[in-house]
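Asker: One structure, as structure tokens, below. Some questions next.
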Amino acid sequence: MIHIKNLSKTYATPHGRFEALRGIDLLIEQGEVFGIIGPSGAGKSTLVQCINLLERPDQGSISIGGQELTGLSEAQLRGQRRRIGMVFQGFNLLSRRTVYGNVALPLEIAGVPRQEIPGKVERLLALVGLEHLRDRYPSQISGGQKQRVGIARALANDPDVLLSDEATSALDPETTHNILALLRDINRKTGVTVVMITHQMEVVREICDRVAVLSHGQVVEMARTQDVFATPQHDVTRAMVSAATSSALTESTLAAVQARIAARAAEQPGSAARLWRLSLTGKDAGGALISDLARQHALDISLVQARVDDIQGVAVGTLFVLAQGTPQAVNNALAALAAHQISVEEIAHEPANDRPALHVAA
């Protein structure tokens, strides 16, 4: 378990003090894959450096497995850091060492008896699928294979925690998928806690059990991955989810729906027309509930746009629907959606120019 309490970090700059982290509180359970995501400058890299105490925070505490780290001396920290493996974006392999030699290096530094090293390295290479490349040099293998070497090296001292700092951001989509599958497999086989630092929502969607969203050095949202995709609460999260799923309406689609709402208001004064964004999960995500809603409440419901994503085996649907009928029927339908615990965001209504703000795709 990783427990971070009230963590803050400030840097001195030529323009004054810069607050990189402010009041961070996180509880990461043992054995889970936890994502930390945010735009550039959000504080992600500073946070990961604080977790392994490469950067000392100005205030707050960091505990791993019940051991508080911020009060330890440098000598004590060296021992504790063996419990934390690190996978980097840039691989950081030694060019003059073979694949085998790079994985063996942390064992040599840790003082593992020489006769025990070969067996341990061979097991690690088998775990990451590189036993056939043991005698190759970094210049002779691909980027994805280099990252596998980095993962094996990070696991050499049997860490409790594996920190992945943008480990897939320099890889192509297929290689990224393979590396994420490997990390998930390692997590399941060894029980190591994996912390994924990333700016890619696609990475979070594929591997993370839970996710914390950082913005300007603060945690602005934290939830299960499927909940973050289904019902993002913060503007930063909504923007990142929309970009990853293309789940927002385009300007042209919104304008067309507004024209339909205006036309209905002119033709049928007193009637109601609402454009809703519905977020559904599980069995409801396919949209069968919508047809039931129309039938039960005598509504005319048009599907404007829909998308269903598989978030680690859970269907998460985003539906934009135009509901038209009497005001009472519309209110009854809203009550029914609330009873099913379905998130509803009203995007537009009559009159069309008196509508809430919308998160619109560019």
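Positions of Cβ are set from backbone N, Cα and C atoms, glycine also.
Quick paste from Swiss-Prot:
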type	residues	note
DOMAIN	2-241	domain 'ABC transporter'
BINDING	Gly38, Pro39, Ser40, Gly41, Ala42, Gly43, Lys44, Ser45	ATP binding site
Asker: Identify all same-chain residues not among Gly38, Pro39, Ser40, Gly41, Ala42, Gly43, Lys44, Ser45 whose C-beta atom falls within 8 angstroms of the centroid of the ATP site's C-beta atoms; report them in sequence order.
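Answerer: Other same-chain residues near the ATP site: His199, Leu214, Ser215.
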Asker: Enumerate same-chain residues with a sequence separation of six or more from Lys44 (ATP binding site) and a Cβ-Cβ distance below 8 A; give 'none' if the list is empty.
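Answerer: Same-chain residues close to Lys44 (ATP binding site) (Cβ under 8 Å, separated by 6 or more) are Ile36, Ile37, Gly38, Ile197, Thr198, His199, Leu214.
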Asker: Write out the long-range same-chain contacts of Pro39 (ATP binding site), meaning residues 6 or more apart in sequence whose Cβ is under 8 Å from its Cβ.
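Answerer: Within the chain, Pro39 (ATP binding site) has Cβ neighbours under 8 Å at His199, Ser215, Val236, Met240.
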Asker: Quick check on the binding-site residues Gly41, Gly43: which one has the highest count of other Cβ atoms within 10 Å of its Cβ?
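Answerer: Neighbour-count leader: Gly43.
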Asker: Using DSSP and three states only, what is Ala42 (ATP binding site)?
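Answerer: The residue in question, Ala42 (ATP binding site), is coil (DSSP, three-state).
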Asker: Does anything in the same chain, at least 6 positions from Ser45 (ATP binding site), have a Cβ under 8 Å from its Cβ, and if so what?
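Answerer: Correct list: Asp165, Ile197.
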Asker: Select the most exposed residue of Gly38, Ser40, Ala42, where exposure means the fewest other Cβ atoms within 10 Å, treating these as the binding-site residues.
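Answerer: Minimum Cβ neighbour count within 10 Å, taken over the binding-site residues Gly38, Ser40, Ala42, occurs at Ser40.
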